[in-house]
């Protein structure tokens, strides 16, 4: 299904406003890979997987596991997500107000958050409507399937019926999962037909025996398809393993729709692909390409790339616009107190139209450099900072691919790179803007302290896929200054959720934060 109208900030056909409905509580979305292995269909395993009081069909259980909001109309999903973010911003304001009222904070430091008092009951910043995904079903460009056993003990490629830690070991196919792409389902079906004939069995995580473990599928808008198969290299005959891989390669060569096929060997207890274990190409060169906002990006087996390409276009366009255009805060500005009386439900934010060519963009936690490269043509210079060396290699390759010469990368922790950034890459008169797109768990306090301590950074565009986990980071950026958190705090001025994960409870969230300016003393 597609959303017919899709614009950067709102959709004319799908627009959900903030209301007073209660937030619904649901379980977090599960990863696109099951978290366990089959127990070869033993009677005990089947009994453990059954719940006499659960009237759901097995397929309904899989859908609830992978896409917990699948039963709800899409408009209701968007409304639920919007309420979550409204509540999240309310929690941020509440925590900051606690600091204002705390005896542990000096009065002179409390003045840095004077804007909160002026806001009164007004939201801490403007919260725009959730931007819907232009593609609602089959949107994932990456899926990971478990190779295990179904309820009848037959080898199966798909998702775990529940959590392995809860004793659930059965796997069901992804045929009716709404977020799985047709290409990924096709790969699962091809592999399913193959293992039905294979001499080697799926891996049993309980007994730690078996060969076939995981299947990862990446399908890009370019038409490129990557498949990575993880196998267990111990416990079976070496010649049988070699023959199985040969037959697998031939099967996918006959299928004809793959750009590349790779295999990873792992006997680790860890359930997942291992970043530091190489993947060996069986077909192709082991890479695929994706196009996004007019640019082309190389994707390797361990590369991070947003899983909903069409919705990512809107997300990254927003980041680009907010990072390169200045905002003017009306309501609650300590230097413009008369405007507080005019504020109603949100703080008013306006943006200039022309991007500044003096902007030096710090792409922090840059990964393979996607965001920075998308912004490179709009700014003077991009400095990407990332501690993972392999990601930096991909970022540098992608920069060469775009022929972008105003991009540099530093392979260090963010807190260790700031001195180098300002010594060698920032000149007097430059406007420094930081884009922070951390992992789901957020970043360490040291990163937040490093950003706050750099007086040259006056704007942050923060991209989060889990606001609850990132709340600590937002508090760290916005709390009054102290010995631990040096530098004037930042203030959120506008926020917008982007739904990259229809049918799940996840949602990307963009927040612009500006450095607080203290009132001028008369």
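Cβ coordinates are placed from backbone N, Cα and C, and glycine is handled just like the others.
Because the structure is a prediction, the values reported are computed rather than measured.
Annotation comment: TrEMBL describes 465 as active site, nucleophile. According to TrEMBL, the feature S-adenosyl-L-methionine binding site maps to 306, 386, 437. Under the heading coiled coil, TrEMBL lists 75-109. Residues or ranges marked as compositional bias 'Basic and acidic residues' by TrEMBL: 18-36, 44-63. Residues annotated as domain 'Methyltransferase' in TrEMBL: 356-421. Annotation comment: TrEMBL describes 1-63 as region 'Disordered'.
Helix first, then strand, then coil: DSSP counts for the domain 'Methyltransferase' (356-421) stand at 31 helix, 15 strand, 20 coil.
Cβ neighbours within 10 Å of residue 465 (active site, nucleophile), excluding its own Cβ and spanning all shown chains: 18. The two recorded residues, residue 306 (S-adenosyl-L-methionine binding site) and residue 465 (active site, nucleophile), show a Cα separation of 11 Å. Listed in sequence order, the residues of the same chain lying 6 or more apart from residue 437 (S-adenosyl-L-methionine binding site) and placing their CB within less than 8 Å of its CB are 364, 365, 366, 367, 371, 462, 463. Counting only the Cα atoms, the space from residue 465 (active site, nucleophile) to residue 386 (S-adenosyl-L-methionine binding site) is about 18 angstrom. Largest Cα to Cα distance within the recorded S-adenosyl-L-methionine binders 306, 386, 437: about 17 Å as a whole number.
Long-range Cβ proximity for residue 386 (S-adenosyl-L-methionine binding site), meaning a same-chain Cβ under 8 A and a gap of 6 or more residues, is found for 365, 366, 367, 392, 395, 409, 410, 411.
Within 10 Å of the Cβ of residue 306 (S-adenosyl-L-methionine binding site) there are 22 other Cβ atoms, across all protein chains.
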